[in-house]
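Quick look at what Swiss-Prot annotates:
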| type | residues | note |
| --- | --- | --- |
| BINDING | 20, 21, 23, 24, 25, 26, 38, 43, 69, 124, 125, 127, 155, 156 | GTP binding site |
| BINDING | 25, 43, 66 | Mg(2+) binding site |
| MOTIF | 34-48 | motif 'Switch 1' |
| CROSSLNK | 49 | ubiquitin cross-link |
| CROSSLNK | 61 | ubiquitin cross-link |
| CARBOHYD | 72 | (Microbial infection) N-beta-linked (GlcNAc) arginine |
| CARBOHYD | 74 | (Microbial infection) N-beta-linked (GlcNAc) arginine |
| MOD_RES | 79 | (Microbial infection) O-(2-cholinephosphoryl)serine |
| CARBOHYD | 82 | (Microbial infection) N-beta-linked (GlcNAc) arginine |
| CARBOHYD | 111 | (Microbial infection) N-beta-linked (GlcNAc) arginine |
| REGION | 178-205 | region 'Disordered' |
| LIPID | 204 | S-geranylgeranyl cysteine |
| LIPID | 205 | S-geranylgeranyl cysteine |
């Protein structure tokens, strides 16, 4: 299994953040396992998955942490910002409030993450065209003003999901430069079993 293969050139720790219900877990499920479920339930605390990718002839192991969006878990998840190489901020294109809260999530990054961490803005659920309230141009201009890459995704039909994680990996690799090695990121590799605990309530697309 490629995800268990220790032979890799880089290990990047990525973090998914954003309001509860925007589809963070579904994006991760689509990217890591290429599956989707309508009945995915709210993440409690933190879960993570690993996927190994090839980029520019290099093998990159992505350790992707999925955080709970609920306020009561904010203190738990804040510690996961430290050591992250890239942070993906997710909002729901059908939920204006989730987009408005992106600024608050970016403040969390400034507060807890390393100064040079890579960021990516993702507008999820773009398949729900009739319910869309956050315009692509509005989000793109916002991201451009901050110098952050932006993509609209759909975990449901797999639109741009692969591209989002590959974009993030490429940005981190570019920042680290040719001299970086897998060992440089190894200190953030937390050895725990992935045993997500879920509770019912609120699906995602």
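Each residue, glycine too, has its Cβ placed from N, Cα and C.
Where Swiss-Prot records a feature, it is marked here on the structure.
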{"residue": "20", "record": "GTP binding site", "DSSP class": "coil"}
{"residue": "25", "record": "GTP binding site", "DSSP class": "helix"}
{"residue": "38", "record": "GTP binding site", "DSSP class": "coil"}
{"residue": "49", "record": "ubiquitin cross-link", "DSSP class": "strand"}
{"residue": "61", "record": "ubiquitin cross-link", "DSSP class": "strand"}
{"residue": "66", "record": "Mg(2+) binding site", "DSSP class": "strand"}
{"residue": "79", "record": "(Microbial infection) O-(2-cholinephosphoryl)serine", "DSSP class": "helix"}
{"residue": "111", "record": "(Microbial infection) N-beta-linked (GlcNAc) arginine", "DSSP class": "helix"}
{"residue": "125", "record": "GTP binding site", "DSSP class": "coil"}
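Here is what falls inside 10 Å of the CA of residue 66 (Mg(2+) binding site) among the recorded positions 20, 25, 38, 49, 79, 155: 25, 49. For residue 155 (GTP binding site), the nearest neighbour among the listed recorded positions (49, 61, 79, 82, 111), judged by C-alpha distance, is 49. Within 10 Å of the C-beta of residue 111 ((Microbial infection) N-beta-linked (GlcNAc) arginine) we count 9 further C-beta atoms, all protein chains included. Under DSSP, residue 155 (GTP binding site) is assigned to coil, being neither helix nor strand in the three-state scheme. Every protein chain considered, the tally of other Cβ atoms within 10 Å of the Cβ of residue 125 (GTP binding site) stands at 28. Nearest to residue 23 (GTP binding site) in space, judged by Cα atoms and limited to the recorded positions 49, 61, 79, 82, 111, is 49. Between the alpha carbons (Cα) of residue 125 (GTP binding site) and residue 49 (ubiquitin cross-link) lies a span of roughly 21 Å.
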